[in-house]
Amino acid sequence: MSVPLILTLLAGAATFIGAFLGVLGQKPSNRVLAFSLGFAAGIMLLISLMEMLPAALDTEGMSPVLGYGMFIIGLLGYFGLDRLLPHAHPQDLVPKRQQPIPGSIKRTAVLLTLGISLHNFPEGIATFVTASSNLELGFGIALAVALHNIPEGLAVAGPVYAATGSKRTAIFWAGISGMAEIFGGVLAWLILGSLVSPIVMAAIMAAVAGIMVALSVDELMPLAKEIDPNNNPSYGVLCGMSVMGLSLVILQTIGIG
């Protein structure tokens, strides 16, 4: 097994660290659940608007029309998917003065996992391809990706565990997002290698950024407020942004990104 592939596998596996952190101790309260959802929204917003979309637009040969167009397609694609799902909007699924029903959280977990997985898949490809061309650079990217994946795993596992009380279920959903990154690296190892088109990768990143922004604003933040109306979900959002921002600072400090 090649070193670039091992780096990609380890970076993706860091998601499980966050998942285990999300299920330690007693079942989280509604306040913790709401904070976790806000935390996840903060992660997605900062990654999408401060990392993925700018990186896509800065790609050589990428026009602003294509970049922003793919971002809008991602936004519209999310809302189209949301309308196709057989349930009401998540904040309508949480009964007043009751615990949030597991079904609504499960649906949110599916969408959250989908959004993070779509982000992680090209990230896995990028980690492998970069490490293949420059091993030192690959080590730095793998480290930054692992730092990203730990809070992402926590953000998925926390809400699912709070809703179901099942550690296995929480780790399962969190693990899917990490496996998407591993799958991207394996696919690059088997098929793509250094032939990944920068324009195609940039277009995918822009669209995924749109999906993640829509998911954060329309799904996660309203549900967090509905679950715990006495507290502001913005605290979780700001905390998630801070954690992701710190990882980006580390990334820039080591000369990457």
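For all residues, glycine too, the Cβ spot is worked out from N, Cα and C.
Listed in Swiss-Prot for this protein:
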TRANSMEM  5-25  transmembrane segment
TRANSMEM  32-52  transmembrane segment
TRANSMEM  61-81  transmembrane segment
BINDING   N120, E123, N149, E152, E181  Fe(2+) binding site
BINDING   E123, H148, E152  Zn(2+) binding site
TRANSMEM  182-202  transmembrane segment
TRANSMEM  203-223  transmembrane segment
TRANSMEM  236-256  transmembrane segment
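Mapped onto this structure are the features recorded in Swiss-Prot.
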| residue | record | DSSP (3 states) |
| --- | --- | --- |
| N120 | Fe(2+) binding site | helix |
| N149 | Fe(2+) binding site | helix |
| E181 | Fe(2+) binding site | helix |
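Neighbour count (other Cβ atoms within 10 Å of the Cβ, all protein chains): 28 for N149 (Fe(2+) binding site). Proximity of distant same-chain residues to the transmembrane segment (203-223), defined by a Cβ-Cβ separation under 8 Å and at least 6 residues beyond the stretch ends, is recorded for 37-38, 40-42, 44-45, 47-49, 52-53, 55-57, 62, 66-68, 70-79, 82, 89-91, 94, 100, 104, 108, 111-112, 115-116, 118-119, 122, 233, 237. Listed in sequence order, T15, G18, A40, I43, I116, N120, A174, S177 are the same-chain residues at least 6 apart in sequence whose CB falls under 8 Å from the CB of E152 (Fe(2+) binding site). Of all the binding-site residues listed here (E123, E181), it is E123 whose C-beta has the fewest other C-beta atoms within 10 angstroms.
Counting every protein chain shown, 30 other Cβ atoms lie within 10 Å of the Cβ of N120 (Fe(2+) binding site).
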